[in-house]
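Report on the following structure.
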Amino acid sequence: CVSPLFSPAHVHEGVTCSLVGEDPLIPKRDVELTLVKDQNGVQYTSSSIVPTPAARAGPPGSSDVDRETWGKKIDFLLSVIGFAVDLANVWRFPYLCYKNGGGAFLIPYILFLVIAGMPLFYMELALGQYNREGAATIWKICPVFKGVGYTVILIALYVGFYYNVIIAWSLHYLFSSMTSELPWLKCGNSWNSPNCTDPKAINGSVLGNGTSYSKYKITPAAEYYERGVLHLHESRGIHDLGLPRWELSLCLVVVVFILYFSLWKGVKSSGKVVYITATMPYVVLFVLLIRGITLPGSMDGIRAYLHIDFNRLNNLEVRNVTLATQFVRFAIFSVLGYMAYKHKVKIEDVATEGAGLVFIIYPEAISTLPGSTFWAIVFFIMLLTLGIDSSMGGMEAVLTGLTDDFKILKRNRKVFTFATAFGTFLVALFCITNGGIYVLTLLDKYAAGTSILFGVLIEAIGVSWFYGVDRFSEDIERMMGFKPGLYWRLCWKFVSPAFLLFVVIASTLTASGLKYDEYIFPNWSNLLGWGVAMSSMLFVPCYAVYKFFSLPGTFKERIAYCITPEHEHHLVAEGNVRQFHLKHWLAI
């Protein structure tokens, strides 16, 4: 209640304290004590309860009153979009869709999106927003699963090691595009080999023997990427890396500094950067789409992309892709159709994925257009912004996860942010050596493949079964005013975990050896890759064992402490353990 003595003439000071009810289920509220001083010198005191968003959304027992918050809702929304839509939407998903049945691939994709993608995305957002904790400390809701948080943090760190390198390549290409004539347009440069061939001389009759154009590595664009940028010809394999390339090292330094100054102040700084990095790619892709569909042969590329082939749906190969707008794929395949038209080959001869698409095929197509310098700059700005906002999201997961868990890091966030960025820079140097592409290929396959699926599976089990779907739904109701529907609850508890278990098993059983073009990696490199994958996954069982033996009490009491939210540990001593009752496990 506000004192009736309050008026603009009064001098007042605001003091905020906390009021915690005895019932642990009643969320903490802020109480504003206002000291009111009248003009005659007599002082009065009044108080009012301030139902802050943090208090309404926070879990019972939450005490993080000084936690950073987003400046606006749009800051958060753009950050989520920027993190979810990354380079994979440009260089992996269109080809993956085309290779696995074209339009038919959208059928299982949409199905899996409905039964797993959207429910788990909803779970992640709600879990984080309600508990307002990082990836590790959020498991106060079920302490035995805290290892999942460390798994996610380590995976994000691993991805940052090589993802920043791809952004550095994009920056290098952007700088190289600022010339009157693009450097990958013609042969005769210092990096070209004697076998370099003008693309105009290459057509279906020249290839003839089944070699696809995308694998024809003696074009100016291909040689610029592999010989001019990567210097891959100077390496004999992953065992022969050489020294980092100084040009790429400088680009990597720029990328790391961009990330550092975007993240050093937390969401207050990163929330403003995403206004550019999250929106720019869509503007550029729309421009590229409009230009692409005006090219000869573009409609053939789009039709090939949408062609339905149900025979290809039996492939169990698993890739991590995210949902993005359809015009991303149309923009890519309109240009691939143009390339197929120019060289008189089939779409499958020019269609490829990964670096070969965005650093060879697409740049070559751009170089043949009027105003090629402009289109090249626009394209690589898009790649740069796509990469930056996703990298920001990954690094923020590392920073928030560890600073929430170790308060000394929170007190020195700027120093810790710099140390993390510098650490990723040092490891990334291995990826910009002469043989760095082999290291990058290894990390790309193993760092966040099966391991991230495993982490999400354990997270879904921990939240849905041990913490409880019913309790999780009540948390959402406290935060949003309504409970999630039956569809969400069934997916969280049964459908999504079952699907993830199938995917983890399938991806493990169908895993193949590492390969880059014609280079087959030695066996030890595959073992190293699985070591990288297992290093993050092992946090789950290792922490569970550590937590169990670090707790006091009997065997049953230790189990109870492990699976009971920390703010309810006093109930364990009373023998009132929710998870020891059948009703908990049957609840939906």
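Here the Cβ of each residue, glycine as well, is placed from N, Cα and C on the backbone.
As written in TrEMBL, here are the features:
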type     : residues                                           : note
BINDING  : GLY82, ALA84, VAL85, ASN89, LEU386, ASP389, SER390 : Na(+) binding site
DISULFID : CYS187-CYS196                                      : disulfide bond
TRANSMEM : 76-94                                              : transmembrane segment
TRANSMEM : 106-127                                            : transmembrane segment
TRANSMEM : 148-175                                            : transmembrane segment
TRANSMEM : 243-261                                            : transmembrane segment
TRANSMEM : 273-293                                            : transmembrane segment
TRANSMEM : 374-394                                            : transmembrane segment
TRANSMEM : 415-440                                            : transmembrane segment
TRANSMEM : 446-469                                            : transmembrane segment
TRANSMEM : 490-507                                            : transmembrane segment
TRANSMEM : 527-549                                            : transmembrane segment
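Between GLY82 (Na(+) binding site) and CYS187 (disulfide bond), the C-alpha separation comes to 38 Å. Non-local neighbourhood of CYS196 (disulfide bond): CYS187, GLY188, ILE218, THR219, PRO220, GLU223, each in the same chain, at least six residues away, with C-beta under 8 Å from its C-beta. Counted over residue pairs separated by six or more positions, the transmembrane segment (76-94) shares fewer than 3 Cβ pairs under 8 angstroms with the transmembrane segment (446-469), which leaves the two as not touching. Around the Cβ of GLY82 (Na(+) binding site), 27 further Cβ atoms fall within 10 Å across all displayed protein chains. When the stretches 148-175, 243-261, 273-293, 415-440, 490-507 are ranked by Cβ pairs under 8 Å to the transmembrane segment (446-469), first place goes to 490-507.
Neighbour counts of Cβ atoms within 10 Å were compared for the binding-site residues VAL85, ASP389, SER390, and the top value is held by ASP389. Distant neighbours of the transmembrane segment (243-261): 164-165, 167-169, 171-172, 175, 229-231, 269, 388, 391-392, 395, 417-418, 421-422, 424-425, 428-430, 432-434, 436; these residues of the same chain sit at least 6 beyond its ends, with a Cβ under 8 Å from one of its Cβ atoms. Local packing around the Cβ, expressed as the count of other Cβ atoms within 10 angstroms, is greatest for LEU386 among the recorded positions ALA84, CYS187, LEU386. Between the transmembrane segment (273-293) and the transmembrane segment (374-394), the number of CB pairs under 8 angstroms, six or more residues apart, is three or more, so the stretches are in contact. Away from its own ends, the transmembrane segment (490-507) comes close to residues 112, 115-116, 119-120, 123, 316-318, 449-450, 453-454, 456-457, 460-461, 463-465, 469, 472, 588 of its chain (Cβ-Cβ under 8 Å, at least six residues beyond either end). Proximity of the transmembrane segment (527-549) to the transmembrane segment (148-175) is established through 3 or more Cβ-Cβ distances under 8 Å for residue pairs spaced 6 or more apart. Using a 10 Å radius centred on the Cβ of ASN89 (Na(+) binding site) and all shown protein chains, the other Cβ atoms total 22.
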